[in-house]
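Below is one structure; the comments refer to it alone.
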Amino acid sequence: MNKLEFSSLYQLTMMRFRLFLREPEAIFWIFIFPILLAAGLGIAFRNRPPEVLQVGATTLQLTQALNADKGLTSITMDEATGTQALATGRILLLAVQRPDTTVYQYDSTNPDARTAKLLADRAIQTAAGRHDALPSKEELVHETGSRYIDFVVPGLLGMNLMGSAMWGMGFAIVDARQKKLLKRLVASPMPRWQYLASFLLSRLVMLVIEVAAFLGFARLVFGVPFRGSITQLSLLCILTSLAFSALGLLTASRAKTIEAVSGLMNFVMFPMWIFSGVFFSSTRFPAAVQPLIRALPLTAAIDAMRGNMLQGLSLQQLLAPVAILLAWLIIPFAISLRIFRWR
């Protein structure tokens, strides 16, 4: 690249960066919204002290036995009142004393109710004189990396990189096409690849600020761990941003209006918001669709970043998701160069 070509590429990149800074709403969605979302989820799903479960019993003796367990609080009521309390959710379990046994009435589909049943049975059996066959003790461990906020931060980072890359690429290109700017540029001596490359370079500049602000907040406020190499995490973020920029370029290659490219991008991104494991593990979906989910770029990006941040995995141990991201970078970009509409 000679000096003139470098100068034109530099000016195009700076133009993209200045145009971005003139859009305060874009700055909010890219830099501030992910931090607010992480803060909200971190507060909502923060670690709390063990919850005391509300149960009921039909005799005073059962109530006293249940209240001996620190995880339960019991009130005495007749069976009819207890059945109504179960139906309205005021209690999770009703212990009914029958002539020769104790009956537990509870909703087996409710995880809290199942826990209440285990605690209630232990408390009643202990009160009746049962002793553990083997001695045991508890060793409580509070390890960062196992909290929901630790799980969701890499997901939010991947989702934000996808959104900012695709929207930033797609809207800008279609807007320039609508204003006939692309038609004028193609008539100039400027190499076409420089115009497209300026989008990628400007994305990399904003990527540094975007990722540093988000991960810095997650680390300082919630203590999210970084067990892997920061350098390799940075490379994963760059690869993710470039892959989604290429996908955004492909989506905007033929679109003529903002409405058209908006619909196309929502069509592309919506399945990944659901299936790629941003807010919950993608393994919850049936095994039959797992190969398709694993092939999605957002799934690969999130899995790679979680592996780096939470497990300390190196790039050599993350070859599968890295290969998927490289494929989503190379193939859409190559197709875009062939089908891109300049007019």
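Note that Cβ sites are derived from N, Cα and C of the backbone, with glycine treated the same way.
Curation does not apply to TrEMBL; its annotations are automatic.
The transmembrane segment feature in TrEMBL is assigned to 26-45, 151-174, 195-218, 230-252, 264-282, 318-340. For 113-343, the entry in TrEMBL reads domain 'ABC transmembrane type-2'.
Same-chain residues lying 6+ beyond the ends of the transmembrane segment (230-252) with a Cβ under 8 Å from its Cβ atoms: 157-158, 161-162, 164-171, 173-174, 196, 199-200, 203-204, 207, 211, 261, 264-265, 268, 297, 301, 304-305, 308-309, 314-315, 318, 322, 325-326, 328-330, 332-333, 335-336, 340. The stretch from 151-174, 195-218, 264-282 with the most CB pairs below 8 A to the transmembrane segment (26-45) is 151-174. In summary, the transmembrane segment (195-218) lies against the transmembrane segment (151-174): three or more C-beta pairs, each 6 or more positions apart in sequence, are under 8 Å.
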